[in-house]
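Here is the structure we will look at, set down as C-alpha cells.
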Amino acid sequence: MTPPRLFWVWLLVAGTQGVNDGDMRLADGGATNQGRVEIFYRGQWGTVCDNLWDLTDASVVCRALGFENATQALGRAAFGQGSGPIMLDEVQCTGTEASLADCKSLGWLKSNCRHERDAGVVCTNETRSTHTLDLSRELSEALGQIFDSQRGCDLSISVNVQGEDALGFCGHTVILTANLEAQALWKEPGSNVTMSVDAECVPMVRDLLRYFYSRRIDITLSSVKCFHKLASAYGARQLQGYCASLFAILLPQDPSFQMPLDLYAYAVATGDALLEKLCLQFLAWNFEALTQAEAWPSVPTDLLQLLLPRSDLAVPSELALLKAVDTWSWGERASHEEVEGLVEKIRFPMMLPEELFELQFNLSLYWSHEALFQKKTLQALEFHTVPFQLLARYKGLNLTEDTYKPRIYTSPTWSAFVTDSSWSARKSQLVYQSRRGPLVKYSSDYFQAPSDYRYYPYQSFQTPQHPSFLFQDKRVSWSLVYLPTIQSCWNYGFSCSSDELPVLGLTKSGGSDRTIAYENKALMLCEGLFVADVTDFEGWKAAIPSALDTNSSKSTSSFPCPAGHFNGFRTVIRPFYLTNSSGVD
C-alpha cells in the first residue's frame with residue numbers, strides 16, 4: 001500500500017510546484033485561447049463565479065496568459081463545470097491588473113455560487129509579440145549608491161540644529177530635479193542648501209536624502225514621527241502621506257505607550273487634527289492597558305481632560321477608572337484644581353452604593369477633595385435609590401447626560417468573551433441545540449449543533465438589567481455567538497448576507513422593561529495585546545471588520561491586526577434609561 005500512496009502524493013506536489021497564488025489557467029476549452037477560468041490559491045485550483053463577469057475581467061485573464069485581449073466573457077459554465085472550490089465571486093477589474101486576485105471581489109473563498117455559474121473566456125488567437133528586458137529594479141539602488149558615494153556633486157547641503165551645523169552632505173541637482181519630492185532642495189537658488197532640523201531627527205536626514213535619490217525608504221515605529229515631520233517641512237507629499245497611513249499600524253506596536261503619547265504630543269504641537277483624533281481613539285479603546293503601563297504617571301493632564309469625558313473609554317469599571325486617576329495623582333503633576341476637574345468627569349452613578357461607601361477608606365484623593373466626593377456620592381445614591389421618573393420630576397435631572405450612562409465596561413459583570421474558532425479550538429464547555437428542541441445548557445464556550453453542523457464559539461451570560469441598584473436583583477440573560485457562515489446564521493435564527501460575514505450575534509431573554517434601552521458594543525481583540533476596533537450591535541448583530549486591508553467589500557479595522565485575524569471578541573452590555581418611556585429595548 002505504501003508505494004501507491006507515495007506516488008499519488010508525489011503527483012499532487014509535482015502538479016503545484018512553481019505555481020503561485022493568483023496564477024490562472026484555461027481548462028476544457030478545446031484550444032489554448034479559450035476555456036473555463038481557473039485560479040490558484042493555497043495549494044489548489046478553483047473556479048470563478050460569473051456574477052458581474054464582463055469583458056474587462058476576461059481581458060485581465062487573457063493578457064496574463066500572453067494573449068492580446070479577450071473577445072468574449074462567458075458564464076453559465078460554458079466550458080463545463082469545474083471542480084474544487086469557487087475561489088472568487090463578484091470580480092470587478094479595471095483592466096490594468098496582473099491577475100484577478102488584484103481585482104475587487106468578495107475575497108478569497110467567499111461565494112454562494114455553484115459550479116453551473118463558472119466563468120469562461122475566449123481570447124484573441126494572437127499572442128503578444130513584444131519581449132521586454134526590464135532592469136528598472138536596479139535603478140533605485142544604483143541612484144542610492146550615487147548618493148552614498150558623495151562624489152561628483154554640484155550641491156552642498158548643510159543640516160542645521162538650533163543655529164549650528166550638525167551634518168553636511170553633497171547632492172546632484174540633475175537627479176534631485178527629476179523628483180518632485182525633493183523640490184524644496186533644488187528650488188533653492190545657488191549651490192548651497194540649509195536644512196533646519198530638530199536634534200531628535202538628525203539621524204534620519206541621511207535616509208531622507210537617499211530616499212530623494214532611490215525613492216525607497218524603510219520606516220519603523222521609532223522613525224515614523226521624524227520622517228513625517230521632515231516630509232511635512234520639505235514638501236515630500238508622498239512620503240508625508242505614507243507616514244500618515246502608517247500611524248494606525250504602528251501605534252499599537254508599543255506596549256509601553258510611550259510612542260502613542262509622543263505621537264499625540266506631536267499631533268497637538270503641529271496641529272495635525274487627524275493624527276490627534278487617531279491617538280485619542282487608540283488610547284480610549286486601550287485605556288485599561290494604558291493605566292497599567294509604566295507611562296501612566298506621565299500622561300499629561302490635558303490629555304486626561306480629553307479622555308475622561310468619553311463614553312468609548314474601555315475600562316473594567318468606573319471604580320477601576322477612579323482608582324487609576326487616584327494612582328496618577330500621586331505623581332503631583334497636576335494642581336488641586338486640575339485634579340478636581342478630572343474627578344468631576346468620573347461617572348459616580350455607575351458605581352454601586354457599597355463601592356461609593358468604601359471610597360473614603362481606600363482612595364487617597366477622597367480627603368483632599370472631600371466636599372466634591374460627598375456631593376458626587378449623594379448624586380449617585382439618588383440615582384441608585386429613586387425611580388428615574390421622580391428624579392426627573394422633582395430634581396430636574398437630565399438622565400440622558402453621559403454621567404448617567406455606562407462607558408465600555410469590560411468586567412464580567414457587563415461583558416462576555418468568545419474566540420474565533422479558526423484561531424482557537426478550546427472547547428471547555430458544550431451547549432447543544434436540536435433542530436426542534438430548546439437550547440439546553442451544560443456549560444460552555446462552544447455550541448455543538450447536530451452532526452451535520454459545525455462548532456461555533458458561543459457564550460451565555462447574565463447581567464443586571466440596569467446599573468441602578470434598583471435593578472440589581474433583576475437579571476437579563478444573553479447569548480453571544482460567532483457567526484462565520486450563512487448556515488450558522490440560520491442555525492441561530494439570524495438573517496445574514498454573504499458580504500457581512502463573519503458577524504457576532506447577540507440574543508436577549510428576560511428583563512423586559514420599556515424604560516430601558518441598550519447600546520451594546522463589540523470589541524475586536526488582536527493577539528490579546530490591544531483593542532483594534534469597536535463596533536455597534538445593530539439589530540442584534542455586530543459587524544466584524546477585516547483585520548487587515550484587503551480587496552474585500554468589508555471595512556478595515558481602525559487599527560490593523562498584523563496576525564490577519566482577531567483572536568477574540570468581547571461584547572459589552574450598555575443599558576440606559578429611555579426618559580420618555582416610549583422606547584423598547
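Placement of Cβ uses the backbone N, Cα and C atoms for every residue, glycine included.
Noted from Swiss-Prot: Cys123 is disulfide-bonded to Cys62, selected from Cys49, Cys62, Cys170. Per Swiss-Prot, Cys49 makes its disulfide bond with Cys113 among Cys93, Cys103, Cys113. In Swiss-Prot, Cys103 is paired through a disulphide bond with Cys93, chosen from Cys93, Cys153. In this structure, of the disulfide-bonded residues Cys62, Cys103, Cys123, the smallest number of CB atoms within 10 A of the CB marks Cys103. Counting only residues at least six positions away in the same chain, the Cβ atoms of Cys49, Asp50, Asn51, Ile86, Asp89 sit under 8 Å from the Cβ of Cys113 (disulfide bond).
If you take the Cα of Cys62 (disulfide bond) and the Cα of Cys93 (disulfide bond), they are about 13 angstrom apart, rounded to a whole number. With a 10 A radius on its CB, Cys93 (disulfide bond) counts 22 other CB atoms from all the protein chains. A gap of 19 Å separates the Cα atoms of Cys103 (disulfide bond) and Cys123 (disulfide bond).
Here Cys93 (disulfide bond) is positioned 17 angstrom away from Cys123 (disulfide bond), judged by their C-alpha atoms. Across the domain 'BTB' (153-221), DSSP helix (H, G, I), strand (E, B) and coil residues number 27 helix, 20 strand, 22 coil.
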